[in-house]
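K.L.:
Input: one structure, supplied below.
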Amino acid sequence: MASEMAVVFLLLSVLLMRSSPVSSQGLQVGFYDSNCPDAEDIVRSTVEQYYNRDATVAPALLRLHFHDCFVQGCDASVLISGPSSERTAPQNTGLRGFEVIDDAKSQLEAVCPGVVSCADILALAARDSVDLTGGPSWSVQLGRRDGRVSSASGASALPSPADPVAVQKQKFAAQGLSDKDLVTLVGAHTIGQTECQFFSYRLSNFTATGNPDPSISQAFLPQLRALCPLNGDPRRTVALDRDSPDAFDVSFFKNVRDGNAVLESDQRLWSDAATQAVVQKYAGNIRGLFGLRFNYEFPRAMVSEDGRRRGQDRRAGRGPEALLQDQLNCS
(Lines of atoms letter the chains of each structure in order from A and count residues from 1; the text may use other names and numbers.)
(Lines give C-alpha, C1' and ligand atoms only; values in the text may rest on other atoms or scores of the structure.)
Protein backbone atom coordinates (compact mmCIF):
# COMPACT_ATOMS: atom_id res chain seq x y z
CA MET A 1 0.00 0.00 0.00
CA ALA A 2 1.55 3.29 -0.92
CA SER A 3 1.16 6.84 0.05
CA GLU A 4 -2.38 7.83 0.83
CA MET A 5 -1.25 11.42 0.47
CA ALA A 6 -4.07 13.38 -0.70
CA VAL A 7 -1.57 15.39 -2.64
CA VAL A 8 -3.73 17.85 -3.08
CA PHE A 9 -3.90 17.47 -3.40
CA LEU A 10 -5.94 19.72 -5.25
CA LEU A 11 -9.21 20.67 -5.21
CA LEU A 12 -13.97 28.97 -3.44
CA SER A 13 -17.09 29.29 -4.43
CA VAL A 14 -19.97 29.25 -1.93
CA LEU A 15 -20.81 25.83 -0.45
CA LEU A 16 -23.81 24.68 -2.38
CA MET A 17 -27.06 23.83 -0.67
CA ARG A 18 -28.19 20.28 -1.34
CA SER A 19 -31.83 21.29 -1.57
CA SER A 20 -31.25 23.64 -4.49
CA PRO A 21 -30.05 22.48 -7.95
CA VAL A 22 -27.40 25.16 -8.44
CA SER A 23 -25.41 25.11 -11.67
CA SER A 24 -21.91 26.47 -12.27
CA GLN A 25 -19.73 26.26 -15.35
CA GLY A 26 -22.18 23.81 -16.87
CA LEU A 27 -22.38 21.39 -13.92
CA GLN A 28 -25.37 21.09 -11.63
CA VAL A 29 -26.33 19.78 -8.24
CA GLY A 30 -28.97 17.11 -8.80
CA PHE A 31 -27.88 16.53 -12.39
CA TYR A 32 -29.06 12.90 -12.34
CA ASP A 33 -32.30 13.44 -10.44
CA SER A 34 -34.52 12.62 -13.40
CA ASN A 35 -32.31 10.17 -15.30
CA CYS A 36 -30.72 8.16 -12.51
CA PRO A 37 -32.26 9.34 -9.22
CA ASP A 38 -30.49 6.71 -7.11
CA ALA A 39 -27.01 7.54 -8.45
CA GLU A 40 -25.66 9.29 -5.36
CA ASP A 41 -27.16 6.69 -3.02
CA ILE A 42 -25.57 3.86 -5.00
CA VAL A 43 -22.14 5.48 -4.89
CA ARG A 44 -22.50 6.20 -1.18
CA SER A 45 -23.55 2.66 -0.30
CA THR A 46 -20.68 1.22 -2.35
CA VAL A 47 -18.07 3.42 -0.69
CA GLU A 48 -19.53 2.66 2.73
CA GLN A 49 -19.40 -1.08 2.05
CA TYR A 50 -15.70 -0.97 1.23
CA TYR A 51 -14.98 1.47 4.05
CA ASN A 52 -16.57 -0.87 6.60
CA ARG A 53 -14.16 -3.59 5.48
CA ASP A 54 -11.09 -1.36 5.29
CA ALA A 55 -11.16 2.21 6.59
CA THR A 56 -7.99 3.09 4.66
CA VAL A 57 -10.02 3.08 1.45
CA ALA A 58 -11.35 6.53 2.42
CA PRO A 59 -8.04 8.42 2.06
CA ALA A 60 -7.28 6.26 -0.97
CA LEU A 61 -10.42 7.44 -2.76
CA LEU A 62 -9.81 11.04 -1.76
CA ARG A 63 -6.27 10.85 -3.12
CA LEU A 64 -7.53 9.24 -6.32
CA HIS A 65 -9.88 12.16 -6.94
CA PHE A 66 -7.19 14.72 -6.16
CA HIS A 67 -4.71 13.13 -8.53
CA ASP A 68 -7.32 12.98 -11.25
CA CYS A 69 -8.28 16.64 -10.94
CA PHE A 70 -4.70 17.91 -10.86
CA VAL A 71 -4.01 16.55 -14.35
CA GLN A 72 -6.20 17.96 -17.17
CA GLY A 73 -9.20 18.37 -14.90
CA CYS A 74 -11.65 16.08 -13.10
CA ASP A 75 -12.24 13.79 -16.07
CA ALA A 76 -11.45 10.30 -14.67
CA SER A 77 -8.41 10.03 -16.94
CA VAL A 78 -6.43 8.71 -13.97
CA LEU A 79 -8.58 5.57 -14.14
CA ILE A 80 -7.51 4.64 -17.67
CA SER A 81 -5.16 1.68 -17.91
CA GLY A 82 -2.30 1.55 -20.38
CA PRO A 83 1.50 1.38 -20.65
CA SER A 84 1.93 5.17 -20.59
CA SER A 85 -1.25 6.32 -18.83
CA GLU A 86 -1.37 8.57 -15.78
CA ARG A 87 -1.59 5.51 -13.55
CA THR A 88 1.94 4.47 -14.55
CA ALA A 89 3.58 7.76 -13.54
CA PRO A 90 5.88 7.65 -10.48
CA GLN A 91 3.80 10.40 -8.88
CA ASN A 92 0.83 8.02 -8.88
CA THR A 93 2.63 5.16 -7.18
CA GLY A 94 0.27 3.37 -4.85
CA LEU A 95 -2.97 4.85 -6.11
CA ARG A 96 -5.77 2.50 -5.19
CA GLY A 97 -9.51 2.31 -4.79
CA PHE A 98 -10.12 1.57 -8.46
CA GLU A 99 -12.22 -1.45 -7.58
CA VAL A 100 -14.62 0.75 -5.59
CA ILE A 101 -15.22 3.02 -8.57
CA ASP A 102 -15.64 0.04 -10.91
CA ASP A 103 -18.11 -1.61 -8.52
CA ALA A 104 -20.22 1.54 -8.27
CA LYS A 105 -20.11 1.99 -12.03
CA SER A 106 -21.27 -1.57 -12.64
CA GLN A 107 -24.20 -1.12 -10.30
CA LEU A 108 -25.14 2.14 -11.98
CA GLU A 109 -24.92 0.57 -15.43
CA ALA A 110 -27.43 -2.04 -14.29
CA VAL A 111 -30.07 0.56 -13.41
CA CYS A 112 -29.28 3.47 -15.76
CA PRO A 113 -26.85 2.37 -18.47
CA GLY A 114 -24.63 4.96 -20.11
CA VAL A 115 -25.74 7.80 -17.87
CA VAL A 116 -23.39 8.35 -14.92
CA SER A 117 -19.77 9.17 -15.73
CA CYS A 118 -16.79 7.70 -13.93
CA ALA A 119 -15.60 11.26 -13.25
CA ASP A 120 -18.80 12.00 -11.34
CA ILE A 121 -18.45 8.75 -9.40
CA LEU A 122 -14.94 9.79 -8.36
CA ALA A 123 -16.16 13.18 -7.16
CA LEU A 124 -18.99 11.62 -5.15
CA ALA A 125 -16.73 8.94 -3.67
CA ALA A 126 -14.28 11.60 -2.47
CA ARG A 127 -17.06 13.53 -0.76
CA ASP A 128 -18.46 10.39 0.84
CA SER A 129 -15.01 9.33 2.06
CA VAL A 130 -14.60 12.60 3.96
CA ASP A 131 -18.08 12.31 5.42
CA LEU A 132 -17.57 8.70 6.55
CA THR A 133 -14.43 9.67 8.48
CA GLY A 134 -16.22 12.34 10.46
CA GLY A 135 -15.51 15.27 8.16
CA PRO A 136 -17.92 17.63 6.45
CA SER A 137 -20.19 16.83 3.54
CA TRP A 138 -21.12 19.04 0.62
CA SER A 139 -23.31 19.06 -2.47
CA VAL A 140 -21.37 17.86 -5.51
CA GLN A 141 -22.09 19.48 -8.85
CA LEU A 142 -22.39 16.74 -11.46
CA GLY A 143 -22.44 16.32 -15.22
CA ARG A 144 -18.80 15.62 -16.11
CA ARG A 145 -17.76 13.65 -19.17
CA ASP A 146 -15.00 11.09 -18.94
CA GLY A 147 -11.70 11.92 -20.60
CA ARG A 148 -10.33 9.67 -23.32
CA VAL A 149 -6.67 10.73 -23.12
CA SER A 150 -4.36 9.76 -20.28
CA SER A 151 -0.62 10.42 -20.35
CA ALA A 152 1.97 9.74 -17.67
CA SER A 153 3.77 12.96 -18.55
CA GLY A 154 0.82 14.99 -17.27
CA ALA A 155 1.47 13.78 -13.74
CA SER A 156 4.49 16.08 -13.53
CA ALA A 157 2.02 18.76 -12.39
CA LEU A 158 1.42 16.87 -9.14
CA PRO A 159 3.14 18.09 -5.96
CA SER A 160 5.88 15.94 -4.43
CA PRO A 161 6.44 15.04 -0.74
CA ALA A 162 9.83 16.76 -0.95
CA ASP A 163 8.63 19.97 -2.62
CA PRO A 164 9.60 23.18 -0.81
CA VAL A 165 6.76 25.57 -0.08
CA ALA A 166 7.68 27.82 -3.02
CA VAL A 167 7.25 24.91 -5.44
CA GLN A 168 4.02 23.82 -3.79
CA LYS A 169 2.68 27.34 -4.18
CA GLN A 170 3.66 27.41 -7.85
CA LYS A 171 1.96 24.10 -8.58
CA PHE A 172 -1.23 25.10 -6.83
CA ALA A 173 -1.23 28.54 -8.41
CA ALA A 174 -0.98 26.85 -11.81
CA GLN A 175 -4.30 25.21 -10.96
CA GLY A 176 -5.84 28.55 -9.98
CA LEU A 177 -5.60 27.76 -6.26
CA SER A 178 -4.47 30.13 -3.51
CA ASP A 179 -2.07 29.61 -0.62
CA LYS A 180 -5.09 29.17 1.62
CA ASP A 181 -6.45 26.48 -0.71
CA LEU A 182 -3.07 24.76 -0.60
CA VAL A 183 -3.03 24.46 3.18
CA THR A 184 -6.71 23.60 3.37
CA LEU A 185 -6.48 20.78 0.86
CA VAL A 186 -3.25 19.39 2.32
CA GLY A 187 -5.37 19.05 5.45
CA ALA A 188 -6.77 15.92 3.79
CA HIS A 189 -3.63 14.26 5.19
CA THR A 190 -5.52 14.08 8.47
CA ILE A 191 -6.78 10.67 7.28
CA GLY A 192 -3.87 9.69 5.05
CA GLN A 193 -1.00 7.26 5.17
CA THR A 194 2.38 7.18 3.51
CA GLU A 195 5.26 4.75 3.15
CA CYS A 196 8.62 4.96 4.88
CA GLN A 197 10.33 5.42 1.53
CA PHE A 198 8.73 8.85 1.15
CA PHE A 199 10.20 10.38 4.30
CA SER A 200 12.92 8.10 5.77
CA TYR A 201 15.58 10.39 4.30
CA ARG A 202 14.56 12.92 6.94
CA LEU A 203 15.49 10.63 9.83
CA SER A 204 19.26 10.25 9.66
CA ASN A 205 21.07 11.90 6.75
CA PHE A 206 18.96 14.86 5.77
CA THR A 207 20.55 16.86 2.95
CA ALA A 208 23.68 14.69 3.31
CA THR A 209 24.53 16.22 6.69
CA GLY A 210 24.52 12.93 8.59
CA ASN A 211 21.85 14.43 10.86
CA PRO A 212 18.04 14.26 10.90
CA ASP A 213 15.83 17.02 9.57
CA PRO A 214 16.03 19.67 12.31
CA SER A 215 12.38 20.58 11.81
CA ILE A 216 11.29 17.24 13.30
CA SER A 217 10.53 17.61 16.99
CA GLN A 218 12.92 15.81 19.31
CA ALA A 219 10.03 13.88 20.86
CA PHE A 220 8.68 12.70 17.51
CA LEU A 221 12.00 11.69 15.93
CA PRO A 222 12.49 8.43 17.91
CA GLN A 223 8.90 7.46 17.17
CA LEU A 224 9.46 7.83 13.43
CA ARG A 225 12.76 5.96 13.64
CA ALA A 226 11.02 3.09 15.42
CA LEU A 227 8.39 2.93 12.70
CA CYS A 228 10.93 3.23 9.88
CA PRO A 229 14.29 1.93 11.10
CA LEU A 230 17.42 2.21 8.99
CA ASN A 231 17.39 -0.61 6.41
CA GLY A 232 13.82 -1.42 7.35
CA ASP A 233 10.92 -2.12 5.00
CA PRO A 234 10.60 0.97 2.76
CA ARG A 235 6.98 0.11 2.02
CA ARG A 236 5.80 0.02 5.59
CA THR A 237 2.89 2.44 6.00
CA VAL A 238 2.75 5.21 8.57
CA ALA A 239 -0.18 7.48 9.41
CA LEU A 240 0.26 11.09 8.33
CA ASP A 241 -1.65 12.21 11.43
CA ARG A 242 -0.14 10.49 14.44
CA ASP A 243 -2.88 11.48 16.89
CA SER A 244 -6.17 10.65 15.13
CA PRO A 245 -5.31 8.95 11.82
CA ASP A 246 -8.84 7.72 11.12
CA ALA A 247 -10.70 10.94 11.91
CA PHE A 248 -11.09 13.92 9.62
CA ASP A 249 -10.18 16.68 12.07
CA VAL A 250 -7.66 19.47 12.78
CA SER A 251 -5.09 17.25 14.52
CA PHE A 252 -2.93 17.26 11.38
CA PHE A 253 -2.46 21.03 11.62
CA LYS A 254 -1.44 20.79 15.27
CA ASN A 255 1.19 18.26 14.23
CA VAL A 256 2.56 20.65 11.63
CA ARG A 257 2.67 23.43 14.22
CA ASP A 258 4.49 21.23 16.73
CA GLY A 259 7.06 19.72 14.35
CA ASN A 260 5.27 16.38 14.18
CA ALA A 261 4.47 16.24 10.47
CA VAL A 262 5.65 13.10 8.69
CA LEU A 263 6.23 14.47 5.19
CA GLU A 264 8.79 17.18 4.55
CA SER A 265 6.37 19.08 2.31
CA ASP A 266 3.81 19.17 5.13
CA GLN A 267 6.27 20.36 7.76
CA ARG A 268 7.56 23.07 5.42
CA LEU A 269 4.14 24.74 5.58
CA TRP A 270 5.22 26.03 8.98
CA SER A 271 8.36 27.66 7.58
CA ASP A 272 6.52 30.05 5.25
CA ALA A 273 4.76 33.09 6.68
CA ALA A 274 1.68 32.84 4.44
CA THR A 275 1.05 29.12 4.89
CA GLN A 276 2.00 29.21 8.58
CA ALA A 277 -0.75 31.74 9.22
CA VAL A 278 -3.37 29.39 7.76
CA VAL A 279 -1.99 26.38 9.64
CA GLN A 280 -2.11 28.36 12.88
CA LYS A 281 -5.76 29.27 12.34
CA TYR A 282 -6.74 25.66 11.78
CA ALA A 283 -4.60 24.43 14.68
CA GLY A 284 -6.30 26.75 17.17
CA ASN A 285 -8.49 25.12 19.77
CA ILE A 286 -10.68 27.86 21.22
CA ARG A 287 -13.78 25.78 22.05
CA GLY A 288 -13.41 23.98 18.73
CA LEU A 289 -13.97 27.22 16.81
CA PHE A 290 -11.18 26.67 14.33
CA GLY A 291 -11.96 23.00 13.98
CA LEU A 292 -15.38 24.00 12.76
CA ARG A 293 -13.78 26.56 10.48
CA PHE A 294 -11.73 23.84 8.76
CA ASN A 295 -14.92 21.83 8.31
CA TYR A 296 -16.35 24.83 6.50
CA GLU A 297 -13.29 25.77 4.46
CA PHE A 298 -12.45 22.27 3.21
CA PRO A 299 -15.71 21.84 1.24
CA ARG A 300 -15.28 25.35 -0.16
CA ALA A 301 -11.79 24.49 -1.39
CA MET A 302 -13.01 21.21 -2.86
CA VAL A 303 -15.78 23.00 -4.74
CA SER A 304 -13.26 25.60 -5.88
CA GLU A 305 -10.75 23.06 -7.20
CA ASP A 306 -13.37 20.89 -8.81
CA GLY A 307 -15.08 23.93 -10.29
CA ARG A 308 -11.91 25.26 -11.89
CA ARG A 309 -10.70 21.91 -13.20
CA ARG A 310 -13.93 20.42 -14.52
CA GLY A 311 -12.44 18.55 -17.42
CA GLN A 312 -15.23 18.10 -19.95
CA ASP A 313 -18.57 19.08 -18.51
CA ARG A 314 -21.45 17.62 -20.42
CA ARG A 315 -24.45 19.83 -20.01
CA ALA A 316 -24.33 22.05 -23.10
CA GLY A 317 -28.08 22.30 -22.77
CA ARG A 318 -28.55 18.55 -22.88
CA GLY A 319 -29.27 15.91 -20.29
CA PRO A 320 -27.02 12.91 -19.58
CA GLU A 321 -29.02 10.66 -21.90
CA ALA A 322 -27.70 12.66 -24.87
CA LEU A 323 -24.08 11.80 -24.16
CA LEU A 324 -23.74 8.07 -23.66
CA GLN A 325 -19.97 8.05 -23.90
CA ASP A 326 -18.88 6.62 -20.56
CA GLN A 327 -16.89 3.47 -20.13
CA LEU A 328 -18.73 0.45 -18.75
CA ASN A 329 -15.74 -0.18 -16.50
CA CYS A 330 -14.05 2.94 -15.25
CA SER A 331 -10.56 1.48 -15.42
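Including glycine, each Cβ sits where the backbone N, Cα and C put it.
Quick caveat, the model's predicted, so the values are computed rather than measured.
Straight from TrEMBL, here's the annotation block:
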type     : residues                     : note
DOMAIN   : 26-331                       : domain 'Plant heme peroxidase family profile'
DISULFID : C36-C112                     : disulfide bond
SITE     : R63                          : site 'Transition state stabilizer'
ACT_SITE : H67                          : active site, proton acceptor
BINDING  : D68, V71, G73, D75, S77, E86 : Ca(2+) 1 binding site
DISULFID : C69-C74                      : disulfide bond
BINDING  : P159                         : substrate binding site
BINDING  : H189                         : heme b binding site
BINDING  : T190, D241, D249             : Ca(2+) 2 binding site
DISULFID : C196-C228                    : disulfide bond
COMPBIAS : 305-318                      : compositional bias 'Basic and acidic residues'
REGION   : 305-331                      : region 'Disordered'
K.L.:
Are there recorded positions among C69, P159, T190, D249 that sit within 10 Å of S77 (Ca(2+) 1 binding site), Cα to Cα? If so, list them; otherwise say none.
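P.N.:
Matched recorded positions: C69, sequence order.
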K.L.:
Can you tell which of the recorded positions V71, E86, C112, D241 lies nearest to P159 (substrate binding site) in space, using Cα positions?
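P.N.:
Comparing Cα positions, the closest of these recorded positions turns out to be V71.
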K.L.:
Can you count the other CB atoms that lie within 10 A of the CB of T190 (Ca(2+) 2 binding site)?
P.N.:
30
K.L.:
Which whole-number value in Å describes the distance between the Cα atoms of D68 (Ca(2+) 1 binding site) and C74 (disulfide bond)?
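P.N.:
Rounded to a whole number, the Cα-Cα distance is 6 Å.
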K.L.:
Determine, for the Ca(2+) 2 site, the additional residues of the same chain whose CB lies within 8 Å of the mean position of the CB atoms of T190, D241, D249; present them in sequence order.
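P.N.:
Sorted by sequence, the hits are G187, H189, I191, D243, S244, P245, A247, F248, V250, S251, F252.
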K.L.:
Are there recorded positions among C69, T190, C228, D241 that sit within 10 Å of D75 (Ca(2+) 1 binding site), Cα to Cα? If so, list them; otherwise say none.
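P.N.:
So the list reads C69.
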K.L.:
Spatially, and counting Cα to Cα, which of the recorded positions is closest to C112 (disulfide bond)? Options: H67, G73, E86, H189, T190.
P.N.:
G73
K.L.:
To the nearest whole angstrom, state the Cα distance for the pair C36 (disulfide bond) and C228 (disulfide bond).
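P.N.:
C36 (disulfide bond) and C228 (disulfide bond) have their Cα atoms 48 Å apart.
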K.L.:
For the binding-site residues listed here (D68, D75, E86, D241, D249), which one has the lowest count of neighbouring CB atoms within 10 Å of its own CB?
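P.N.:
Output over binding-site residues D68, D75, E86, D241, D249: least Cβ neighbours within 10 Å is D249.
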K.L.:
Restricting attention to the domain 'Plant heme peroxidase family profile' (26-331), give the mean pLDDT.
P.N.:
89
K.L.:
Just to verify a number: CA distance, E86 (Ca(2+) 1 binding site) to R63 (site 'Transition state stabilizer'), in angstrom, no decimals.
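P.N.:
E86 (Ca(2+) 1 binding site) and R63 (site 'Transition state stabilizer') have their Cα atoms 14 Å apart.
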K.L.:
Taking Cα-Cα distance, which of the disulfide-bonded residues C74, C196, C228 are within 10 Å of D241 (Ca(2+) 2 binding site)?
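P.N.:
Among C74, C196, C228, not one has a Cα sitting within 10 Å of that of D241 (Ca(2+) 2 binding site).
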K.L.:
Could you work out which of the recorded positions (R63, H67, H189) has its C-beta surrounded by the smallest number of other C-beta atoms within 10 A?
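P.N.:
Comparing Cβ neighbours within 10 Å for the recorded positions R63, H67, H189, H67 has the fewest.
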